[in-house]
Amino acid sequence: MIIVTGGAGFIGSNIVKALNDKGITDILVVDNLKDGTKFVNLVDLDIADYMDKEDFLIQIMAGEEFGDVEAIFHEGACSSTTEWDGKYMMDNNYQYSKELLHYCLEREIPFLYASSAATYGGRTSDFIESREYEKPLNVYGYSKFLFDEYVRQILPEANSQIVGFRYFNVYGPREGHKGSMASVAFHLNTQLNNGESPKLFEGSENFKRDFVYVGDVADVNLWFLENGVSGIFNLGTGRAESFQAVADATLAYHKKGQIEYIPFPDKLKGRYQAFTQADLTNLRAAGYDKPFKTVAEGVTEYMAWLNRDA
C-alpha cells in the first residue's frame, strides 16, 4: 500500500493519478474533507481506502500498523501563505510532519514530503537548497523551513529514504477547491468563462515566477520513489516566466479577451515573492533529467483540461 496525505488536495490527487497511470490502486488517501468540494479531485481515480487526517494521526501516534506500506507521500498541510495563526500552522505543518517522519524512520518506509519555495522568502536570485539562502516571509514558509531544518539533522543517520520537494509555483488540474490560493491560470480561465475581463496586477510583466506544471511535479515524486534518492530538492522548471506569459497563453487558448490591470494590494506589499527561479543543480545531479513544460505548453494543456466539458 502507498499512503498519500493530502490525497484529495491539489498535488496529492495528482500523485494519486500518476500512481493510477502506472497501474497502482492500493492507495490510502488521508485528508480532511471538511471542505467537501475536494471530493471531485478523487472521483475519477481509484483508491483502496480513505481516512480522515485526525484519525490517521491518532493511529500514527499510537504506532498502529497499516499493513505493508511501501511509501508515504506527505502532501497534507495548510498551504495558505496568508494564514497568520502560527499555532495552527505549526501543528498542521511541523508537528504532524515530525510524527509521520519518525513513524517512517522506525519502519524504514520511504517518506516523500512537500516543502516549498516559500522557504526562500523575498530573494531574487540564488534559490539554492542551503541554509544561507533561506529567509521565509510568512509563517507558512517558516513552518516548511523549520521542518526542512529538522530533516537535515536526521538525514545523515537515516536508514530509509527521506526526500523533500521545494515546490515552486505549481499549477494545473485539480486545484479548483483552493479558492484564492489557486493559480493565476485558473482564475483567468474562470473570469473569461464568466464573461469578465481577465485581471492581472499592474506590473505583471515584471513579476516573474517559476511556474511548474503539476503533472511534472507528480512525475518527479514517482521518479524519486523508484530511484530511492534522499535529500531536499527544488522542484520547479529552472525558468522564470511572467504572469503576463500565463495570461497570454490563456488568452491564446480562448482566442478572446483583453487583460484588465488592477492596482497591487497594499496588504501584499513586502510579503510577496516578485521573482522565483528554481536552481535545479541538485535535482539534475540526483539523476532526474526529464524536461519541464514551459508556461505556454503547460497552460495550454491545463486549459484543455479545464474546458474539457465546454
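Cβ coordinates come from backbone N, Cα and C, glycine included.
If you draw a 10 Å sphere around the CB of F10 (NADP(+) binding site), it holds 26 other CB atoms from the protein chains shown. Among the features that Swiss-Prot reports, NADP(+) binding site is placed at 10-11, 31-32, K38, K53, 75-79, N92, K144, V170, K178.
In the three-state DSSP scheme, Y140 (active site, proton acceptor) falls into the helix class. Annotation comment: Swiss-Prot describes Y140 (among others) as active site, proton acceptor.
DSSP assigns S204 (substrate binding site) to coil in the three-state reduction, placing it in neither a helix nor a strand. Taking a C-beta cut-off of under 8 angstroms and a sequence separation of 6 or more, S204 (substrate binding site) has the following same-chain neighbours: S242, F243, Q244, A247, Y261. What Swiss-Prot lists as substrate binding site is N169, S180, H187, F201, E202, G203, S204, R209, Y272, and the listing cites sequence analysis.
DSSP assigns K178 (NADP(+) binding site) to a helix. What Swiss-Prot records for K178 (among others) is active site, proton acceptor.
Secondary structure from DSSP puts K267 (N6-acetyllysine) in a helix. Residues near K267 (N6-acetyllysine) in space but far in sequence (CB under 8 A, at least 6 apart, same chain): none are found. As annotated by Swiss-Prot, N6-acetyllysine applies to K267, with the evidence given as sequence analysis.
The Cβ of E202 has fewer other Cβ atoms within 10 Å than any other of the binding-site residues D31, E202. Using CA atoms as reference points, the binding-site residues N169, E202, Y272 were checked against A77 (NADP(+) binding site), and the closest is N169. For H187 (substrate binding site) paired with Y140 (active site, proton acceptor), the C-alpha to C-alpha distance reads 22 Å.
E75 (NADP(+) binding site) carries neither a helix nor a strand DSSP state and counts as coil. K144 (NADP(+) binding site) and N169 (substrate binding site) have their C-alpha atoms 15 Å apart, to the nearest angstrom.
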